[in-house]
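Listed in TrEMBL for this protein:
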type	residues	note
BINDING	Asn39, Leu41, Gly66, Glu88, Asp114, Asn144	S-adenosyl-L-methionine binding site
DOMAIN	46-237	domain 'Ribosomal RNA adenine methylase transferase N-terminal'
REGION	334-354	region 'Disordered'
Amino acid sequence: FCLMAVPGKVAAFRLPPLPTVGEIIKLFRLKAQKQLSQNFLLDLRLTDKIVRQAGELKNAHVCEVGPGPGGITRSILSAGVEQLLLIEKDARFVPGLQMLSEAAPGKVCVVHGDILTYKMEKAFPKHLKKNWEDEPPDIHIIGNLPFSVSTPLIIKWLENVSKKDGPFIYGRTQLTLTFQKEVAERLTANPGGKQRSRLSIMSQHLCTVENCFVIPGQAFVPKPKVDVAVVHFTPLVQPKIQQPFKLVEKVVRSVFQFRRKYCFRGIETLFPESGRLKRTEQLMMTADVDPTLRPFQLSMSHFRNLCNTYRKMCDEDPSLFAYSYREELKQRKKTRNLLKSTSQPKQTEEENQL
């Protein structure tokens, strides 16, 4: 459902006096839930700083993910947005957010729902749509994400970028999100960096990714064991690897499967056991990738060549893309266990009774 205050506009928007975020937490007896990895940010100077990273928000349409007690929400409203959509999974926060909605008539829509299943295609007015090649639309997604949801959510949104659907049906919608510091370092890591990973390739081949600043853990309530970083994403006009998302993801995941070994070890897992060595050599030779490089040393052009060559191999052998290394391992283990059980000597009737 969507809760929205009665329409009404004011020339220069300013929130009326309201209880502080800390007072809202006390008023509604809100407590961060550990199983949902919730951490509240109460310092409005920091929430203002996060919102500034999104860019110019005056008269923009913004979706805030997981607003919780509404700290960042206040900073977004103070930036003079046209409309603010709040998507909150935890029903305990809805009354406090509704109070903010009433303080900003006609500006705020509160949705009690899960961002992982919410249909973003209908979240904003159609007239805001822009062509992909144009400047990004006047739409922003901002969120202090719980650690448990941040990685699956950014992977989902990167797939949306690749397909130009979800929140990217409106054009190159920008994202400003918080991540555990280590995850943010992976998202922005360069070739050769120790944090270079699957996330680095998947995000950087589709977006310009900027690690804006770090917020120390003690700024949050309750204090997490790690620091938090704010990351800004702007989708690229042309992806650096022009292949379907699932294909790129499969190649990248395989390469990083054995991140400390030579890259050919991970690339081998793209192929069934029969003919594995020959096909791995063929892929690496055609893609012009040195098999003795470690996965984190591979550049974006290495991954582009690997994906393009693998695509050609899949076109020649359509069963190849469906192949799963893990499934093959499972089947082999099953067969081994079956052989073990059948090769054991049969028990006597006495032993069975015992």
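Glycine residues also receive a Cβ, built from the backbone N, Cα and C atoms like all the rest.
Ranking the binding-site residues Glu88, Asp114 by how many other Cβ atoms lie within 10 angstroms of each Cβ puts Asp114 at the bottom. In the predicted structure, the domain 'Ribosomal RNA adenine methylase transferase N-terminal' (46-237) carries a mean pLDDT of 94. The highest number of surrounding Cβ atoms within 10 Å, among the binding-site residues Asn39, Asn144, is found at Asn144. Spanning the listed S-adenosyl-L-methionine site, residues Asn39, Leu41, Gly66, Glu88, Asp114, Asn144 have a farthest Cα to Cα distance of 20 Å. The local packing around Gly66 (S-adenosyl-L-methionine binding site), expressed as other Cβ atoms within 10 Å of its Cβ over all shown chains, amounts to 23.
The Cβ of Leu41 (S-adenosyl-L-methionine binding site) has 21 neighbouring Cβ atoms from other residues within 10 Å, across all protein chains displayed.
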